Amino acid sequence: MSLRPIAGPSRRLILPCTRSHSTASRPTPSHAYAVPPPLPSRPGPPPPPPPRTEATSSRPNLTPDQHDLIARIVRVDQAGELGANWIYRGQKWGSAVRGDKKTAKEVEGMWASERHHLAVMKLVQQQHRVRPTLLYPLWQAMAFGLGAGTALMGREAAMACTEAVETVIGEHYDDQLRALKPLLESTASTAVSPINPNADTVADADAVTPPHPSLPLLASVLEEFRDDELEHLDIAVEGGAQKAPGHSLLSAVIGFGCKAAIKVCERV
Ligand SMILES: [Fe+2]
Ligand SMILES: [Fe+2]
């Protein structure tokens, strides 16, 4: 993934938000996992009923390569959500130190959805038995420092930090959804007819095995989180991110750091 300069209206740098046309086919939201509901961040209908527990309590039968893909996705997302929590924690602290109640309140709103994201990712990590990143303490310290440092620089710098981080994370969730797509497709069955075992395989074209329900659930969680991150990006831009002193440099440095952290967390 190449580094792209973050300038101008960042929202345009992200793939279009697909919430409006993906909701209908989305099997379940993250509420399927038994975590406290997030603070309401947008108006809309109540969440649909929880899915079959199989989707949240069992694991798919995957090849080693497929499991490696899921492990990388879950590990880096859990680490990313942890980092986001500590960035916002730092921003809230830094804003409070400056006496900037307005920014602290906006930061708290975004932090609330990050707490929900982290809680869900922990359950996903446990369900798929993925080892968490070994760099938790490092990410906590770095993320808090980034959030606090930019917030101490001023409201616009804090928003520029959020803009840069959420730009990278939004793109990252889209990359993961593309990588996950092959696992969401039904596979053709080669089952033999139970009536006549000597016959050709059962209607071969019609007999398909749907993906394990945990996989479309994971995709729906990634979509939901991606859309939340893009909302945070919008809040940051509207909050004056691009008026921050040294905006281009700040965005480039933070964006590069996020991408480097993603690469490390996928493996470590
Ligand atoms: Fe998040
Ligand atoms: Fe976010």
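Note that Cβ sites are derived from N, Cα and C of the backbone, with glycine treated the same way.
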Taking TrEMBL at its word that E114, H117, E229 bind Fe cation 1, choose the one of E81, E156, E266 listed for that site.
E81
Site co-member for Fe cation 2 according to TrEMBL, given E114, E229, H232, out of E163, E166, E171
E166
Applying a 10 Å Cβ distance cut-off over all chains shown, what neighbour count does E229 (Fe cation 1 binding site) have?
28
Kindly point out which of the binding-site residues E81, H117, E166, E229, H232 have a C-beta less than 6 Å from some atom of ligand 2.
E166, E229, H232
When the Cα of H232 (Fe cation 2 binding site) is compared with the Cα of each of the binding-site residues E81, E114, H117, which one is closest?
E114
May I have the list of same-chain residues other than E81, E114, H117, E229 whose Cβ is within 8 Å of the Cβ centroid of the recorded Fe cation 1 site, in sequence order?
G80, A84, N85, S113, H116, L118, M121, I169, F225, D228
So if I take the binding-site residues (E81, E114, H117, E166, H232) and measure from each Cβ to the nearest atom of ligand 1, which come out below 6 Å?
E81, E114, H117
Counting only residues outside E114, E166, E229, H232 in the same chain, those with C-beta within 8 angstroms of the Fe cation 2 site's C-beta centroid are A84, M110, S113, T162, V165, I169, G170, D228, L230, E231, L233
